[in-house]
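Student: Have a look at this one before I ask anything.
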RNA sequence: GGGGGAUUAGCUCAGCUGGCUAGAGCGCUUGCCUGGCAGGCAAGAGGUCACCGGUUCGACUCCGGUAUUCUCCA
């Protein structure tokens, strides 16, 4: 069975059991500081299990794209070395939110595997939680056991401990026992030798867990106690790639049709052959795996970058490039050519791949290109290190520098050194690495004290769409200390008019007014774990009183103007450039706005003007804000609202409409586009392959901008005697200037020639040496010039020139090189010695040197003494 | 957020511990030669050494700051 059919069958199977098929959440997580990527199917349903929100459907089925790049069993560096680890994978799952429980979950899982997938029952093993004797003192999961006994032979049921069969989300929250289903795909003769039951959960590549059924029935409280949940949930996760391996009768995930088309394409492009040589195989698996992870991330809007999640993506991509470079001899970009095959095979299930294919290819190609360049440069640097190295061991610190500063992979360094018979001092590298980590950690160290809870009211509300002032009560606060900000306080209120940073828009600033009239400034507002946290430098003197919370109105209005302008800009770009324009990032500040979008070429001056005009036409059109705070997602989309790739939306969404521009958005906006006053693009440029960035300003900032420009123009006009046409005047000035320059140059040349002629006349011959010591009225560069000029075509010249500038004395000594060699003279030494008379010092080269001093009165004496060196 | 590196001609880069009147290759312009794929030869133009400040007799070079960019760590 083809993988596409396996996925479709799974979704269809549960749809028939009244499940609603929902799309995969984005793989990249944007507003959870503790998690960068979706790493399990349940991530997007967390809020339902926590009870923070009520799901609209109680039965749901999906396939979730996941990325695991860290953790004990999935270190990035391990992927590719075996046949079953991946960075990116799909998790098939069926979910019950307070609906069915163990009976259905177990029966359906078994039905799907044995009836739909037709997997031989004899190969399947199931595990049941055996209970625990620790302080939780949990009983054996008799309920699950009884259910399994009805359908599975007794000898296929195994018991698992708390580590394997009791699932917890974190320190707190819903948890419960689970049942895993394992499958043994070894050949019959091996099964006969070693019973499969003994290999379950033993990391055997052919006796693997394919499905985990989690039964959430407890809630772990903050004090560590367990309590029964009023409504029980089911959370299941089945590794799609493993299921395909089992169904397609192969021994490796990479031999399923999820990967084989990509592997065939790698073979075609690189002429390498899979399944011949282990090193090559690893490289091919690494590339096949990583191109998936990288492509899906980019489709979700996460581009490779040098920070955060983007940096993880860059590392994954670079790891694949490096394996290709070393083992498949790919010295040119090639991975971007795999994107087509990937989008062909997975584009049906994940349309974002197909829609974003061009962008993914551009970005990957650009990344490959720049990393190959990095490798090239690194190879040269490594050559230098080796060439200047004494002995056979290369200093680990040097290798670290190569890695840290130039991005040259350490394992490649080790490999190349090995080939050349050198050894890498790995300890030195490790030490340098640890130092670097320590530095980073201590710099970003933040110490957070415990929350002080004053009030149990936890249903805080954001009222800032409608008001900028509100009477609030402090619910909890804590002190946070960081190196950068020093001591800060974080406060949570029962309700707040302050907008927390999100959707590209900055958090509100403002102040709290106390009953006695004192004021505490709020410096920033952020959302953390669905709570709105206010930052300040001090705490209010009285904690339990009510405060008047006041948002900085001016900043909020400017920000709102910029946010609305961002929507209009988005619309304008799609109108002017085409429908391929997608928002790729946005930053809305009070002073300016920044908008990143996919587009393949630099915008022309005409296009920029057209975009500006489009936006300004809508501003002068005085379009009113039409806000819909709570409408179903489908309805919003029907109205043509623009949703972003890689953005997670709930079932109910907020839409913001200005004329034809409709977007899903949580930010704050002006009441009418007329409030924006004016929109002005300040710059347009590239941020990555296929991504452009526009920076623009609105309202007051535009006024400031024009008034600044106007002021400058008046100043320029003033300088040009109030000319009517400054451009013409400046052009005329420039022409005149260049003409004068040429004339001056000619004159100076003429003058120098004359001076040179005069000075040559004044030369006297002493001991066969052409000599002159004289004070000139030139600066240091002029003296140098004339001295070198005079020295041309002469091999027995000795010059000492002096000058007085700004009350300081200057001596320059020139001696023909031939003379220097013959008589063993040194202008540097001479100038230093003569420097005494002008109370200064100096130096230079043997044939030309200068000295400076603060006593011009000594010049005469210095010139006088010059003769003394001729003997 | 923290550390390190880079910024020199249109492009790619040299320029060692401060002192050659800032160079090379490619490209460009002009002239001559040449029936063969990156043609050859010769001449020439092209630089605020990223920017600001400091140290020094003297700064592309050293120090501090700013900008841009690369890179590693978080």
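Every residue, even glycine, has its Cβ placed from backbone N, Cα and C.
TrEMBL lists A:563, A:567, A:665, A:669 with the feature Zn(2+) binding site. For A:1-708, the entry in TrEMBL reads domain 'Alanyl-transfer RNA synthetases family profile'.
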Student: Taking the center of the Cβ atoms of A:563, A:567, A:665, A:669 at the recorded Zn(2+) site, which other residues in this chain have a Cβ no more than 8 Å from that point?
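Tutor: Neighbours found: A:560, A:564, A:566, A:656, A:663, A:667, A:668.
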Student: Along the domain 'Alanyl-transfer RNA synthetases family profile' (A:1-708), what average pLDDT does this model show?
Tutor: 86
Student: Near residue A:563 (Zn(2+) binding site), how many other Cβ atoms are within 10 Å of its Cβ?
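Tutor: A 10 Å sphere around the Cβ of residue A:563 (Zn(2+) binding site) contains 26 other Cβ atoms.
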Student: What residues, ordered by sequence, lie under 8 A Cβ-to-Cβ from residue A:567 (Zn(2+) binding site) and sit at least six positions away in the same chain?
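Tutor: For residue A:567 (Zn(2+) binding site), the qualifying residues are A:656, A:658, A:661, A:663, A:665, A:669.
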Student: Between A:665, A:669, which of the binding-site residues has the fewest other CB atoms within 10 angstroms in the structure shown?
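Tutor: Least crowded of the binding-site residues A:665, A:669, by Cβ count within 10 Å, is A:665.
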